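Here is what Swiss-Prot records for this protein:
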BINDING   His78, His89, His91, Cys97  Ni(2+) binding site
Amino acid sequence: MKIIRFGVSVPEELLEKFDQIIAEKGYVNRSEAIRDLMRDFIVRHEWEAGDKEVAGTITMLYNHDEADVVKELLDLQHDYLNEIISSIHVHMDEHNCLEVVIVKGKAKRIKEIADRLLSLKGVKHGKLVMTGTGKELV
């Protein structure tokens, strides 16, 4: 892979803040931090476009005592067999469970799955986290 050097003009205060943050995060140089930001920018753009293949997790915290929430979660997961790769279930306490659903597919479809799962009655909190599949990232 060929590396290209280019210059960027930014306000001094912005660069100082950027340098402070990348040092806190343990980056060895600005180049690697900028490459990570560029990759993230590309992944988010592809996600918004909706037609690119992405991977991700849908994390949900729910009360399993809530009427039908477990059945509805399982039914919805079976509706998306092609996109749902796996799920992990953790008992948080006697009432609350954490479910992490690992997904892969077209961004629009993954967003649809997350919207349906996270809107179920009994789901207290949840979040969709998207990333690329790695195929198009350098």
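Using N, Cα and C of the backbone, Cβ positions are placed for all residues, glycine too.
Here the features listed in Swiss-Prot are painted onto the structure.
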| residue | record | CB count, 10 Å |
| --- | --- | --- |
| His78 | Ni(2+) binding site | 9 |
| His89 | Ni(2+) binding site | 12 |
| His91 | Ni(2+) binding site | 10 |
| Cys97 | Ni(2+) binding site | 19 |
